[in-house]
Amino acid sequence: MTKIDHIRNFAIIAHIDHGKSTIADRIIHSCGGLTEREMKAQVLDSMDIERERGITIKAQTVKLNYKAKDGKDYILNIIDTPGHVDFSYEVSRSLYACEGSILIVDSTQGVEAQTLANVYQALDTKHEIVPVLNKVDLPASDLEKTKKQIEEVIGIDTENAIPCSGKTGEGIEDILEQIIVSLPAPEGEKDADLKCLLVDSWYDTYLGVVILVRVINGKISKNMKIKMMSTDQEYIIEKVGVFTPKATDVNELNAGEIGFITTGIKILSETKVGDTICDATKPPQEALPGFKPSKPVVFCGLFPVDSSEYQKLKDGLGKLQLNDASFSYEAESSSALGLGFRCGFLGLLHLEIITERLEREFDINLLTTTPGVVYKVHMNKGDIIELQNPSSLPEPTLIKFIEEPWIKATIITPDQYLGAIIKVCQDKRGVQTNLSYSGNRAVLNYEIPLNEVVFDFNDRLKSMTSGYASFDYEIIGHREGDLVKLGILVNAEPVDALSMMVHKDFAQTVGREVCEKLKDLIPRHNFMIPVQAAIGGKIIARETIKGFKKDVLTKIHGGGARDRKRKLLDKQKKGKARGKQFGKVEIPQEAFIGVLKINKDQ
């Protein structure tokens with residue numbers, strides 16, 4: 001059995017695309033975790049979508065044996081964390097399970113926004129940090145400039161920063177030695193009563209729910225009776241194991257170690273991330289501090305294009321939620337789109353990945369409505385309603401005021417793009433709180449309503465700065481806003497799937513653009529179709545789709561048939577009026593996608 005002072009638990013943190021998973025692969029290979037034949041790029045990225053996009057979505061863990069230069073054997077527990085802002089919750093959970101972090105910075109790019117966010121999370125968790133400068137094999141690598149940036153922007157000493165290359169393997173041995181020297185061993189007592197932190201859980205077809213744990217005190221072993229402190233439920237442990245990175249069974253996990261257990265649980269919601277697991281016969285007086293559960297911040301409707309695929313979509317969402325408890329869904333019905341689901345996500349990339357997985361893994365054609373955020377509607381009577389769907393907004397006369405979520409945004413950009421970025425932030429109702437410089441890069445801090453960045457703020461930043469700017473945000477609470485519900489009516493019928501919350505100042509512009517877009521995208525019918533944008537009962541924009549005109553007078557010749565002509569024209573007029581009254585206007589899928597694009601262009 002390994003002594004606790006020979007264990008090192010650490011997370012790998014970095015901005016997206018700075019080489020975390022590649023360096024993790026190199027460390028695994030260097031410690032003999034996998035043979036040359038078993039190695040594949042991004043070993044710890046288990047989903048196909050992770051490898052294709054080159055991003056980490058779920059935090060992955062691996063236990064390695066390492067013989068250091070001092071001749072002693074050590075156990076290294078690595079957690080490879082996601083780098084994208086949407087998955088920062090995965091990062092925070094992982095950091096709680098470790099004592100130290102390796103901070104990877106791309107030496108060709110320098111410090112980026114997500115680097116800052118993740119480092120601050122690590123420092124808040126009181127981590128020791130080892131800075132690593134990756135991609136030194138590239139001609140554009142600038143070590144001194146990157147070191148200076150780390151010291152100026154983050155405030156970490158870079159005297160012992162390790163230059164390395166995930167591609168060639170240079171510097172990997174130095175990283176391993178630095179981990180042993182600089183990072184602390186875990187604290188904990190093997191002989192104390194059991195206390196475990198539930199770090200993560202996921203569903204396995206054969207084993208049921210697999211629980212990733214970090215043993216704080218005591219030991220956890222097979223056939224032991226354990227208790228979840230938040231639910232008071234008791235279970236018998238069926239399996240104990242570690243990832244090497246292959247799942248390997250062990251007899252027990254001791255204080256300081258990270259591994260997995262299975263207990264035959266079939267429902268993921270019974271395992272709350274951050275919960276304390278203890279010995280059912282000796283429960284402790286108080287639980288571990290744990291951490292805040294993730295809350296969805298972006299909501300949208302998902303509808304099957306073919307209504308017969310509704311059950312397939314329901315089953316698909318249920319299966320995805322088994323492995324991703326951070327997104328929520330509930331049934332929703334729309335007069336325009338039929339039956340579907342209202343889903344909540346951690347951010348736009350999260351939304352994109354869930355919809356892509358549904359389409360790919362379950363072969364469902366999906367229609368996604370405009371993404372929105374959660375508003376707090378304060379009613380005249382004093383109660384507060386959390387609004388996810390604009391079509392459910394109560395009557396304006398019953399509302400006192402509406403609050404919308406705001407974020408604190410950090411943008412790091414080369415200084416030549418500063419003017420363009422400030423203009424975009426101002427257009428998005430942003431309030432600048434800070435501006436600082438490090439060399440030729442600017443660090444901007446803005447407070448912006450989340451609804452303004454939810455569509456494509458990141459994409460616009462990337463396109464106007466040729467991909468050099470990076471963006472990160474955290475939610476700072478709700479603030480009162482002058483918001484109205486913009487309703488869209490087609491042939492005097494409200495289309496709930498197209499309604500949206502907008503700021504009063506932009507309502508007319510957005511309404512006009514939506515009407516113009518729908519006029520182009522809805523096919524003509526035999527009768528005239530009005531397309532209107534409205535706030536409450538007031539119409540603020542209108543376009544008209546002209547009906548087809550049939551010449552009913554072609555067969556009538558001569559000048560004496562005036563009465564006959566009048567009768568035919570009146571009959572046609574009545575038919576058109578009846579068509580307008582009872583005719584159903586089919587709104588094609590392209591119209592919904594077109595409106596979504598308008599929101600992106602705003």
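Any Cβ shown, glycine's included, is placed from N, Cα and C.
Reduced to three states, the DSSP call for Gly19 (GTP binding site) is coil. Other Cβ atoms within 10 Å of the Cβ of Gly19 (GTP binding site), summed over all protein chains shown, number 24. Swiss-Prot lists Asp17, His18, Gly19, Lys20, Ser21, Thr22, Asn134, Lys135, Val136, Asp137 with the feature GTP binding site.
The domain 'tr-type G' annotation in Swiss-Prot covers 5-187.
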Checklist entry - Can you tell me the mean pLDDT for the domain 'tr-type G' (5-187)? => result 77
Checklist entry - Looking at Cβ-Cβ distances, which residues of the chain lie under 8 angstroms from Val136 (GTP binding site) while being 6 or more apart from it? => result Ser107, Leu143, Pro163, Cys164, Ser165, Glu170, Gly171
Checklist outcome for this item: Across every protein chain in view, the count of C-beta atoms other than its own within 10 A of the C-beta of Ser21 (GTP binding site) is 27
